[in-house]
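Chemist: If you scroll down you'll find the structure; I have some questions about it.
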Ligand code: GDP
Ligand code: IMO
Ligand code: MG
């Protein structure tokens with residue numbers, strides 16, 4: 001069962017790109033199972049910084065086959081641009097495939113995302129405005145356009161679908177948002193050119209993956225976003241519109257739960273979130289400012305400043321359990337180097353009660369007060385550590401305390417963005 005799932009344990013941007021890239025060095029296939037261009041996964045190699053949006057983070061290895069799975073919503077022009085930009089910079093890429101079942105972000109989706117956010121004003125979700133929510137809404141409403149619908153030969157069917165769909169979108173554009181309607185023939189023309197350009201990449205991905213697994217290949221499923229942005233278990237409605245969990249990863253990749261061997265939860269050594277919604281450990285003081293600047297905490301996709309706070313072990317333990325994490329990666333430990341002391345949230349206080357898991361009621365989540373444990377800082381540069389033993393004792397204790405709180409062994413520790421800045425701890429060392 002050589003499937004490894006890599007997923008976010010917080011609110012996204014935990015460093016899943018870096019961890020996937022590290023694990024992909026010895027993998028055959030990397031699949032993206034969810035999300036869309038709303039994601040931005042960074043991989044730093046000797047050649048420079050790569051920001052990947054829907055293409056899996058294994059693509060920089062020529063030996064890796066990368067698949068955009070059925071659970072992803074794909075914007076064809078964005079994907080084609082991403083492919084072209086990678087080809088321009090990097091000659092020896094892995095093979096890329098796209099599921100014929102993936103949904104398409106159509107030109108009306110980013111517009112709907114923007115107009116709806118504008119209409120909501122202060123009550124907005126703070127989406128990435130990439131059309132992700134509207135595309136997944138159409139998918140669930142059974143009126144979505146799929147990659148298969150764009151392929152040469154599907155023109156009549158696509159026209160039929162859009163003839164039903166577009167009047168509804170245009171009614172919203174004209175009457176609710178007071179904007180111009182879209183033209184059916186223009187849309188069909190665009191869709192035809194996308195279909196022709198994407199056709200060479202399109203496969204029945206779930207069949208390909210199952211054949212590969214039957215042949216003993218090692219597969220990584222690289223989820224986007226983080227579990228606290230999950231539709232069911234995240235801070236609803238301040239969530240994304242697909243499922244960033246291990247279960248969602250299986251569904252989106254066409255892999256059965258029984259085929260999964262490892263679930264690697266990726267956590268930042270502190271917490272960040274982009275967009276609106278509850279964030280009990282948020283720091284709005286100079287420590288928050290320091291972490292934001294030191295950690296260059298600006299969105300990979302949108303450039304928005306990320307909200308920054310202390311490590312939230314209540315949320316982290318919740319996501320570790322929900323995903324059945326077998327291990328965890330803790331990234332950006334080096335960002336904490338200058339701090340004299342570090343806080344970790346070990347409980348949520350709500351009035352005279354202490355909660356040990358995130359509440360479903362949004363107003364309660366907004367109102368909880370974090371209960372902090374204070375740990376000593378190390379005020380030493382960790383970015384050159386070659387092993388766990390090389391880390392300052394206080395940094396080792398910090399890692400061990402988080403491990404205890406989330407109940408999962410931490411097997412990888414990020415001490416910088418570069419490939420070599422990853423400290424591995426093997427299971428034997430943790431026994
Ligand atoms: P993802 O969406 O989970 O893949 O994460 P992002 O790429 O959006 O954000 C993580 C950022 O942190 C990127 O700029 C990475 O290059 C950087 N990064 C990842 N791990 C480390 C680490 O251990 N230390 C430092 N300093 N930066 C890291
Ligand atoms: P990666 O894969 C961080 C957030 C948005 C917003 C909410 C809904 O790089 O970790 P959406 O555009 O999905 O409708 O926005 O979800 N969000 C992310 N935050 N990292 C991401 O992806 C995110 N993808 C979506 O900021 O709060
Ligand atoms: Mg990101």
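Backbone N, Cα and C define each Cβ position, glycine as well.
Pulled these from TrEMBL:
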BINDING   12-18, 40-42, 306, 332-334, 414-416  GTP binding site
ACT_SITE  13  active site, proton acceptor
BINDING   13, 40  Mg(2+) binding site
BINDING   13, 14, 15, 16, 38, 39, 40, 41, 128, 142, 225, 240, 304  IMP binding site
ACT_SITE  41  active site, proton donor
BINDING   300, 301, 302, 303, 304, 305, 306  substrate binding site
Chemist: I'm trying to understand the geometry here, so how far is the Cα atom of residue 38 (IMP binding site) from the Cα atom of residue 13 (active site, proton acceptor), in Å to the nearest whole number?
Modeler: 11
Chemist: Return the residue, from the listed recorded positions 41, 306, with the maximum count of other C-beta atoms within 10 angstroms of its C-beta.
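Modeler: Counting Cβ neighbours within 10 Å, the top one is 41.
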Chemist: In whole Å, how far is residue 305 (substrate binding site) from residue 18 (GTP binding site) when you measure between their Cα atoms?
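Modeler: For residue 18 (GTP binding site) versus residue 305 (substrate binding site), the Cα atoms are 20 Å apart.
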Chemist: Count the other Cβ atoms sitting within 10 Å of the Cβ of residue 415 (GTP binding site), across every protein chain shown.
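Modeler: The Cβ of residue 415 (GTP binding site) has 26 Cβ neighbours within 10 Å.
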Chemist: Near ligand 1, which of the binding-site residues 15, 225, 304 have CB less than 6 Å from any of its atoms?
Modeler: 15
Chemist: Nearest to residue 42 (GTP binding site) by Cα distance: which of the binding-site residues 128, 302, 305 is it?
Modeler: 302
Chemist: Once the DSSP letters are reduced so that anything not helix or strand counts as coil, what is residue 225 (IMP binding site)?
Modeler: strand
Chemist: Using a Cβ cut-off of under 6 Å to any atom of ligand 3, determine which of the binding-site residues 15, 18, 38, 305, 415 qualify.
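Modeler: Checking each Cβ against ligand 3, none of them comes under 6 Å.
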Chemist: Write out the long-range same-chain contacts of residue 301 (substrate binding site), meaning residues 6 or more apart in sequence whose Cβ is under 8 Å from its Cβ.
Modeler: 37, 38, 39, 40, 51, 53, 128, 130
Chemist: Quick test of your reading of the structure: among the binding-site residues 15, 18, 42, 306, 415, whose CB sits under 6 A from ligand 2?
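Modeler: Among the binding-site residues listed, not one has its Cβ under 6 Å from ligand 2.
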Chemist: I need the least crowded one of these binding-site residues (15, 40, 303, 305), counting other C-beta atoms within 10 angstroms of each C-beta.
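Modeler: Counting other Cβ atoms within 10 Å of each of the binding-site residues 15, 40, 303, 305 gives the minimum at 303.
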Chemist: Give me the Cα-Cα distance between residue 12 (GTP binding site) and residue 300 (substrate binding site), rounded to a whole Å.
Modeler: 11
Chemist: What's the CA-CA gap between the residue listed as 'active site, proton acceptor' and the residue listed as 'active site, proton donor' in angstrom, rounded?
Modeler: 7
Chemist: How long is the line from the C-alpha of residue 306 (substrate binding site) to the C-alpha of residue 225 (IMP binding site), rounded to the nearest angstrom?
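Modeler: Here the two Cα atoms lie 14 Å apart.
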